[in-house]
Amino acid sequence: MYILMILFPPNQDQERRTPLHAAAYLGDTSIVELLILSGANVNAKDTLWLTPLHRAAASRNEKALNLLLKHSADINARDKYWQTPLHVAAANRATKCAETIIPLLSNVNVADRTGRTALHHAVHSGHLEMVNLLLNRGANLSTCDKKERQPIHWAAFLGHLEVLKLLVARGADITCKDKKGYTLLHTAAASGQIEVVKHLLRLGVEIDEPNSFGNTALHIACYMGQDAVANELVNYGANVNQPNEKGFTPLHFAAVSTNGALCLELLVNNGADVNFQSKEGKSPLHMAAIHGRFTRSQILIQNGSEIDCADKYGNTPLHVAARYGHELLISTLMTNGADTARRGIHDMFPLHLAVLFGFSDCCRKLLSSGFDINTPDNLGRTCLHAAASGGNVECLNLLLSSGADLRRRDKFGRTPLHYAAANGSYQCTVTLVTAGASINEADCKGCTPLHYAAASDTYRRVETHSGNSHDTDEEPLKESRLKEAIFCLEFLLDNGADPSLRDKQGYTAVHYAAAYGNRQNLELLLEMSFNCLDDVESTIPVSPLHLAAYNGHCEALKTLAETLVNLDVRDHKGRTALYLATERGSTECVEVLTSHGASALVKEKKKKWTPLHAAAAYGNTDSLHLLIDSGERVDITDVMDIHGQTPLMLAIMNGHVDCVHLLLEKGSTVDAADRRGRTALHRGAVTGCEDCLAALLDHDAFVLCRDFKGRTPIHFASVCGHSEILRTLLQAALSTDPLDSVVDYSGYSPMHWASYSGHEDCLELLLEHNPFAYLEGNPFTPLHCAVINNQDGTAEMLVEALGAKIVNSRDAKGRTPLHAAAFADNIHGLQLLLQHQAEVDGTDQLGRTPLMMAAENGQTAAVEFLLYRAKADLTVLDVNKNTALHLACSKGHEKCALLILGETQDLGLINATNSALQMPLHIAARNGLASVVQALLSRGATVLAVDEEAGSLQLRATIGTRILVIEQSGH
């Protein structure tokens with residue numbers, strides 16, 4: 001009693017309605033007043049969130065409603081469907097209540113959960129006075145609900161003609177459509193509102209307007225069996241042959257509809273095309289055949305419907321009637337000359353379809369036509385194959401008694417017995433074997449009927465079709481099919497089926513049972529194969545244990561684990577069944593195998609992964625837990641693959657946080673390194689998984705651990721651009737020895753890598769952490785790295801933060817960042833550096849300026865910029881006395897050389913010789929730079945000079961296919 005009082009307080013019933021709800025509904029104002037004065041909650045809500053005000057409006061008690069409002073009842077209160085008291089009043093024809101409520105509202109167009117306003121509800125109820133009231137008080141007659149239906153849709157659908165007239169008179173749109181394109185005429189036609197239909201037609205609505213599916217009002221009327229509406233539409237000129245989006249006419253719909261017989265007659269009598277085919281080629285007769293409309297099929301045939309009209313699959317109405325088992329319709333079609341030997345889908349006869357779907361009466365009727373029943377379809381299957389697959393023994397017997405060949409093989413080499421066994425059909429199997437079918441005959445793949453029976457999953461198909469394996473109606477059927485499949489297998493074994501036979505891939509029936517998870521079939525086969533267990537355990541090509549594990553069949557796996565001796569057999573890739581189960585994420589299979597002693601440490605061949613590696617890599621936490629708890633070794637979590645990776649590293653690499661936590665809790669070594677010296681923390685820095693990284697640091701992972709190139713996790717976070725990871729690592733690094741360097745073995749710091757990779761967020765953190773880090777390690781500074789890789793953002797940050805100190809810094813070969821920008825043809829970098837006082841003519845250890853660097857490397861844009869914008873000095877000589885012009889010619893960079901020549905007429909520069917006594921003309925001629933040679937000559941270059949290798953006063957230069965000969969006397 002106490003519990004009941006808690007659940008339902010004394011002042012509420014089981015629906016949480018208070019006495020005030022009841023009094024308001026009954027309209028007893030004296031009781032309402034008394035309850036309110038006694039402290040009753042005027043806005044109390046029941047289980048549907050209805051207040052007393054809702055209840056008063058529902059029962060049209062305006063006095064009670066006024067009293068509640070006087071005591072501050074919430075006029076905007078909403079129930080579970082978001083309906084206000086005005087919605088309720090409108091729906092219940094409470095006009096006076098509505099008159100009281102409306103002046104208190106700021107908006108009469110408030111929508112409920114479905115998007116309907118009070119006007120929708122008033123129209124739905126058909127109360128003309130309420131509709132008029134709402135319209136007069138500002139209700140919007142064009143407001144749409146969530147299905148885009150206006151109030152006038154409901155007037156049309158429910159036949160409220162006077163309401164509809166009122167709405168039209170007030171300006172409602174008679175052409176409006178809902179979300180699916182239904183017009184007022186569609187909705188009236190659907191519900192058979194003939195008077196509304198007549199009125200709409202008089203108003204001039206478009207009679208053949210399609211909805212979103214292409215259906216007209218006539219389609220809808222025929223589908224719903226509204227013959228009076230259909231008659232009105234036809235008389236008013238509706239198109240009886242208009243197809244919808246799928247090509248169906250109203251006649252197709254009339255042929256299908258439960259109540260469409262009169263509509264069909266009407267359409268046929270008014271010129272509907274009885275042979276009109278849909279986009280899939282289906283005629284109205286096809287549609288009648290699908291649903292077994294016997295009378296309608298007769299009408300269609302009598303009016304000229306083509307008996308053997310074929311759809312796009314080749315099926316005639318007779319095929320369709322046979323498929324759906326309509327015997328009377330088959331009789332009608334055959335009487336009217338339907339071709340029983342006509343080929344349909346896959347070249348099948350109607351008889352194929354009748355026996356495949358188990359309609360024995362249809363089979364008997366079709367057999368009476370007397371065609372050759374051993375004629376195959378395009379896959380070589382006869383009607384007997386189809387009957388065996390369908391599992392109807394009555395059909396099978398009818399065919400056998402009519403001379404069907406039970407030894408006939410299809411294109412796959414399968415006999416009818418193969419199909420019966422695959423379907424787990426005990427009675428069909430017995431019938432075929434008794435009739436003389438060969439029990440061990442193999443098909444093209446080497447499979448016998450026993451292979452197919454072992455793999456039979458008909459009971460599982462029952463579960464799939466039911467959609468719910470626990471459905472009480474389906475369970476007995478599933479159980480029955482399972483027993484039948486076992487009886488089928490047992491019968492084959494008892495009648496000489498050989499379980500040791502292998503298919504062409506080397507699989508026995510045991511393999512098939514394991515692969516499909518048929519535990520009882522597997523037990524039976526193992527019992528019969530007890531003397532050849534070595535063959536069962538063979539891994540050529542794959543063991544049954546592997547197949548069961550791969551497909552997640554834990555019951556079958558349990559049976560095998562209890563029977564077989566060695567659970568650690570490996571396939572051709574070195575994988576055990578436990579490895580496969582772990583890789584596939586089948587925790588139940590992992591549990592079965594580990595509980596029976598399977599090893600978690602056997603390695604596959606390629607990567608040398610154990611099941612632990614697979615579990616960690618694929619994030620199978622439950623499986624990983626089972627493997628660790630198998631207790632084979634104390635250090636089981638630190639087992640390494642071919643690259644020295646532990647399960648922890650793989651879990652980190654793939655971001656499996658749960659696996660990471662589990663491995664760390666189970667003792668995995670947090671700083672274990674692979675063959676390249678990289679730890680789990682290095683991987684965490686690369687993947688950017690913050691939770692994984694936090695777990696490692698919580699277990700004291702060393703932040704400054706180095707790989708074989710001396711790179712720390714901080715380097716990796718910087719190069720990958722994981723700024724939050726970098727922040728965490730830098731914070732953790734504060735607790736390490738301050739003397740520990742963070743430069744790698746090539747002298748590069750994290751700042752170098754962040755700059756080179758263009759990660760501005762990371763660079764900002766590194767500058768905040770230690771702005772002088774650029775001075776550490778390799779003198780090829782972060783700014784060099786940024787400009788040589790065209791990373792403008794990080795270059796700007798470095799220049800702004802460090803200024804001239806870094807702009808003119810030099811690497812080990814004396815090159816400045818300007819050299820690096822010139823080398824990379826980075827114009828933005830050149831501009832940036834020069835704006836910050838970079839030395840335009842600064843030389844490196846070889847005496848080369850940025851211009852010379854650009855010229856030697858053929859960077860035309862950089863050469864042009866440095867010449868024309870930066871006014872670089874062309875006369876600077878390197879250690880070998882080469883000018884920029886020498887270097888451009890020596891590397892064959894014709895455009896660069898021409899740019900330089902365009903800026904000078906200086907004969908001293910044009911005829912300058914380097915250490916090898918070569919002038920630019922020597923070099924240009926030797927490299928075949930014709931245009932450069934001509935430009936040099938036009939500027940006064942001398943041809944008299946001889947270099948160290950020349951013994952003649954004649955220069956010869958091969959340019960393409962012509963020879964330019966410059967004679968001393970000819971110039």
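Keep in mind that glycine also has a Cβ here, set from the backbone N, Cα and C atoms.
Annotated in TrEMBL:
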REPEAT    51-80  repeat 'ANK'
REPEAT    246-279  repeat 'ANK'
REPEAT    280-312  repeat 'ANK'
REPEAT    313-345  repeat 'ANK'
REPEAT    346-378  repeat 'ANK'
REPEAT    412-444  repeat 'ANK'
REPEAT    573-605  repeat 'ANK'
REPEAT    643-675  repeat 'ANK'
REPEAT    709-741  repeat 'ANK'
REPEAT    746-770  repeat 'ANK'
REPEAT    813-845  repeat 'ANK'
REPEAT    846-879  repeat 'ANK'
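Long-range neighbours of the repeat 'ANK' (346-378) within the same chain, counting only residues 6 or more positions beyond its ends whose Cβ lies under 8 Å from a Cβ of the stretch, are 314, 316, 318-319, 321-327, 330-331, 334, 340, 384, 386-387, 389-392, 394-396, 398-399, 402-405, 408, 410. Secondary structure of the repeat 'ANK' (813-845), assigned with DSSP and counted as helix (H, G, I), strand (E, B) and coil, comes to 16 helix, 0 strand, 17 coil. Proximity of distant same-chain residues to the repeat 'ANK' (51-80), defined by a Cβ-Cβ separation under 8 Å and at least 6 residues beyond the stretch ends, is recorded for 18, 20-29, 32-33, 36, 42-45, 86, 88-89, 92-94, 96-97, 100-101, 104-105, 110, 112-113. Residues 679, 681-682, 684-686, 688, 690, 693-694, 697, 702-703, 748-751, 753-754, 756-757, 759, 761-762, 765-766, 769, 776-777 of the same chain sit 6 or more residues outside the repeat 'ANK' (709-741) yet have a Cβ under 8 Å from a Cβ within it. The repeat 'ANK' (412-444) scores a mean pLDDT of 96 in the predicted structure. Across the repeat 'ANK' (280-312), DSSP classifies residues as 17 helix, 0 strand, 16 coil.
In the repeat 'ANK' (246-279), helix, strand and coil residues by DSSP number 16 helix, 0 strand, 18 coil. Per-class residue totals from DSSP over the repeat 'ANK' (709-741), listed helix then strand then coil: 19 helix, 0 strand, 14 coil. Secondary structure of the repeat 'ANK' (846-879) per DSSP (helix as H, G, I; strand as E, B; remaining residues coil): 16 helix, 0 strand, 18 coil.
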